[in-house]
Amino acid sequence: MASGWFYLSCMVLGSLGSMCILFTAYWMQYWRGGFAWDGTVLMFNWHPVLMVAGMVVLYGAASLVYRLPSSWVGPRLPWKVLHAALHLLAFTCTVVGLIAVFRFHNHSRIAHLYSLHSWLGITTVVLFACQWFLGFAVFLLPWASQWLRSLLKPLHVFFGACILSLSITSVISGINEKLFFVLKNATKPYSSLPGEAVFANSTGLLVVAFGLLVLYVLLASSWKRPDPGALTDRQPLLHDRE
């Protein structure tokens, strides 16, 4: 029964994640003029789409790989590769999203990294990069000792949840900041809740719902991967023969 609830949660997460990306893309296409790669505001429009796709949806999916019951038995190698690959894909989307916003700022002569949103965002990306490279070095390569892996595993899990929480916070602050900027001198101000504001606010709520459900699945003790024992724990990926 627990497995059934888990897969139901996965279906809900898949739907919510897809809606987060599609809603963000529709907002940029319908209200903000679409997409381009020319340094203009149309290039900026890639930024929210790629950050939601990478730092929230793909990151959340990667975090849940070891919650799949099918990953609890048999060789661990495919699941480790999938976990790392999804995180790498998320990081790639994030880097392209950052390139889009920095090039737009350069083209429009806008200062970089001055808002709280940008500080939160860049902090999250730096933590994500450190988390990925540390995980690769410690849990993938064979040099690390069992003691070091045992020490860092809880920190790896903790910072994974922290990074997802920071990603959600960054997205919400970014949506709010964007609406304040674009509706500041509009015919209908933000305070009058025009259609764009309602849609973007709803997109933000979808992101929050997705993130909270991911965190719930991660924290649910009945859905955690069973401890395979000390012997398996000290085997690095490159020596996995299960």
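Cβ coordinates come from backbone N, Cα and C, glycine included.
For HIS47, HIS112, LEU113, TYR114, SER115, HIS117, GLU177, the entry in Swiss-Prot reads heme b 1 binding site. Among the features that Swiss-Prot reports, heme b 2 binding site is placed at ARG67, HIS83, HIS156, LYS224. Sequence annotations record features per position, and here Swiss-Prot assigns L-ascorbate binding site to ARG76, LYS80, ARG149. Feature annotation from Swiss-Prot assigns domain 'Cytochrome b561' to 12-219. Sequence annotations record features per position, and here Swiss-Prot assigns topological domain 'Cytoplasmic' to 1-4, 62-81, 141-154, 224-242. Under the heading topological domain 'Lumenal', Swiss-Prot lists 26-40, 103-119, 176-202, citing similarity to another entry as support. Among the features that Swiss-Prot reports, transmembrane segment is placed at 5-25, 41-61, 82-102, 120-140, 155-175, 203-223.
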Quiz item: Hey, what's the Cβ neighbour count for LYS80 (L-ascorbate binding site) at 10 Å?
Solution: 20
Quiz item: Considering the binding-site residues HIS47, ARG67, HIS156, which residue's Cβ sits among the greatest number of other Cβ atoms within 10 Å?
Solution: HIS47
Exercise. May I have the list of same-chain residues other than HIS47, HIS112, LEU113, TYR114, SER115, HIS117, GLU177 whose Cβ is within 8 Å of the Cβ centroid of the recorded heme b 1 site, in sequence order?
Key: VAL101, SER118, TRP119, GLY121
Quiz item: Restricting to the same chain and to residues at least six past its boundaries, which positions have a Cβ under 8 Å from a Cβ of the topological domain 'Cytoplasmic' (62-81)?
Solution: 3, 6, 10, 13, 87, 90, 139-140, 160-161, 164, 214, 217-218, 223-226, 232, 237, 240, 242
Practice problem: May I ask whether the transmembrane segment (41-61) has at least three C-beta pairs under 8 Å with the transmembrane segment (155-175), counting pairs 6 or more apart in sequence? | Solution: yes
Practice problem: List nothing but the one residue from TYR114, SER115, HIS117, ARG149 whose Cβ has the fewest other Cβ atoms within 10 Å; the candidates are the binding-site residues. | Solution: TYR114
Quiz item: Where HIS156 (heme b 2 binding site) and LEU113 (heme b 1 binding site) are concerned, what is their Cα separation in Å, rounded?
Solution: 27
